[in-house]
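Features as listed in TrEMBL:
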- 27-94: domain '4'-phosphopantetheinyl transferase N-terminal' (DOMAIN)
- Arg39, Arg47, Thr83, His84, Asp105, Glu138, Lys142, Leu152: CoA binding site (BINDING)
- 102-162: domain '4'-phosphopantetheinyl transferase' (DOMAIN)
- Asp105, Ala106, Glu107: Mg(2+) binding site (BINDING)
Amino acid sequence: MIEELLPSSVAYAEAFDDHSAVELFPEEEAVIARAVDKRRREFSTVRYCARQAMKSLGLPESPVLPGERGAPQWPDGVVGSMTHCLGYRAAALAWGRDIVTIGIDAEPDEPLPEGVLDAIALPSERSVHGRLLFSAKESVYKAWFPLARTFLDFSEAELSFGDGVFSARILVPGPVSGFSGRWLIRDGFVLTSIVVPVA
């Protein structure tokens with residue numbers, strides 16, 4: 001599904017079931033040494049997806065470790081994003097010579113828990129499907145952080161939506177003033193993506 005939201009210059013892989021026999025690098029194993037089984041499965045499967053995307057780019061497999069604020073650390077010259085929710089994992093990677101930044105997110109197509117919409121929505125956004133808004137703001141943050149290396153609050157990006165597309169206006173100073181993204185709701189999932197090509 002995620003390929004429908006990505007240009008051909010972006011390599012991707014997705015999984016709808018966890019891969020039980022994913023071999024982790026020792027450095028990755030150390031990250032989840034004390035994790036519960038659910039966390040271990042999602043961590044392992046999304047890294048399986050990342051390795052498949054690496055192969056598509058002609059890269060050797062390598063560890064994908066969480067860095068600052070949990071952002072994945074990619075091989076030199078590569079940009080990318082990962083996402084996981086119940087029943088879905090995906091990774092999207094590209095060469096930095098082609099793509100500036102990537103943000104992808106997946107969420108279950110279900111109502112947000114009570115109070116979450118109030119916490120994430122600006123007044124202009126309150127009529128938007130809650131999970132779509134949440135997912136799109138997650139993609140905005142994932143695309144923003146590698147460029148700015150600073151936190152971006154939900155209230156610091158104002159989003160507007162069209163048919164399968166959205167735009168984000170960044171309300172704080174930074175390296176970019178906004179993003180354009182795409183979205184899809186299908187088979188019980190909400191998927192969003194932001195891919196910024198090199199100018």
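Backbone N, Cα and C define each Cβ position, glycine as well.
Any TrEMBL annotation is an automated prediction that lacks curation.
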| query | In the domain '4'-phosphopantetheinyl transferase N-terminal' (27-94), how many residues does DSSP assign to helix, to strand and to coil? | reply | 28 helix, 19 strand, 21 coil
| task | Please list, for the domain '4'-phosphopantetheinyl transferase' (102-162), how many residues fall into helix, strand and coil according to DSSP. | result | 30 helix, 12 strand, 19 coil
| query | About how far apart, in whole Å, are the alpha carbons (Cα) of Lys142 (CoA binding site) and Ala106 (Mg(2+) binding site)? | reply | 12
| query | Looking only at Ala106, Leu152, which of these binding-site residues has the biggest number of Cβ atoms within 10 Å around its Cβ? | reply | Ala106
| message | Same chain only, sequence gap of 6 or more: which residues have a CB within under 8 Å of the CB of Arg39 (CoA binding site)? | response | Ile32
| query | Where does the mean pLDDT land for the domain '4'-phosphopantetheinyl transferase' (102-162)? | reply | 97
| CB contacts for Thr83 (CoA binding site) [other CB atoms within 10 A, all chains] | 25
| task | Tell me, if you would, which residue among Asp105, Glu107, Glu138 (binding-site residues) has the fewest other CB atoms within 10 Å in the structure shown? | result | Glu138
| message | For a quick check of understanding: given the listed CoA-binding residues Arg39, Arg47, Thr83, His84, Asp105, Glu138, Lys142, Leu152, what is the maximum Cα-Cα distance in angstrom, as an integer? | response | 25
